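Student: Sharing the record's features from Swiss-Prot:
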{"type": "BINDING", "residues": "26, 27, 31, 166, 167, 168, 169, 170, 190", "note": "D-ribulose 5-phosphate binding site"}
{"type": "BINDING", "residues": "27", "note": "Mg(2+) 1 binding site"}
{"type": "BINDING", "residues": "27", "note": "Mg(2+) 2 binding site"}
{"type": "SITE", "residues": "152", "note": "site 'Essential for catalytic activity'"}
{"type": "SITE", "residues": "190", "note": "site 'Essential for catalytic activity'"}
């Protein structure tokens, strides 16, 4: 198992997976994280079989804003004005691990069939990564022309200040991508345990990382390095 932070960056730059563990006092979960632009059917199968959780794409807040991707709780709140029966669902404030979730829209690429197969989800995820890269480079993209909703890939909108504001897997994976200098869109999937019916323990996730030769990194390490990264960036422009 590789614990070195630089190895995690190198893996992301090559399009290889990294295992990210958040915090003991938060979800206490490990996610498989793969740069979206490098996701193919084999990567989707890996996340589906070895991870078992929800396959999502975490997106940088700047890209999400440019693409017009809202938080789902905002969509539900607005919808509840005309559909009052969903107000209680939209106003839920009892999330156990955070003050709010990062869910945005669920989408399929328009060239998919059902959208759920490994091939279909890979196309959706990979193209999301490419679109995020394009808008971060200043190109205008018509998101609705390529994607439809609802779909089978959940989009996650990272908090505006990333790990300075929230330290979920969404922000941790996007911060790692930003530090790696790649398109800040990352496919993530929770690792679950079929025997216990719960999240895979940190110890078992580390054993998996050791067996597969995949870098394993925790949230605290990412938060610390991202703070240093941002401080260096700011100093360059002062």
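Cβ coordinates are placed from backbone N, Cα and C, and glycine is handled just like the others.
What you are looking at is a predicted structure, and each value in this text was computed from that prediction instead of being measured.
Would you situate these features in the structure and describe their surroundings?
Tutor: Cβ-based neighbour count (10 Å, all protein chains) for residue 27 (Mg(2+) 1 binding site) stands at 18. Reduced to three states, the DSSP call for residue 27 (Mg(2+) 1 binding site) is coil.
According to DSSP, residue 152 (site 'Essential for catalytic activity') sits within a strand segment.
Sequence-distant neighbours of residue 190 (D-ribulose 5-phosphate binding site) (same chain, 6+ apart, CB under 8 A from its CB) are 29, 30, 31, 51, 52, 53, 54, 169, 199.
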Student: Sequence gap of 6 or more, C-beta under 8 Å: which same-chain residues meet both conditions with respect to residue 152 (site 'Essential for catalytic activity')?
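Tutor: Listed in sequence order: 106, 108, 114, 115, 116, 120, 121, 124.
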Student: Measuring Cα to Cα, how far is residue 167 (D-ribulose 5-phosphate binding site) from residue 27 (Mg(2+) 1 binding site) in Å?
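Tutor: Given the Cα positions, residue 167 (D-ribulose 5-phosphate binding site) is 10 Å from residue 27 (Mg(2+) 1 binding site).
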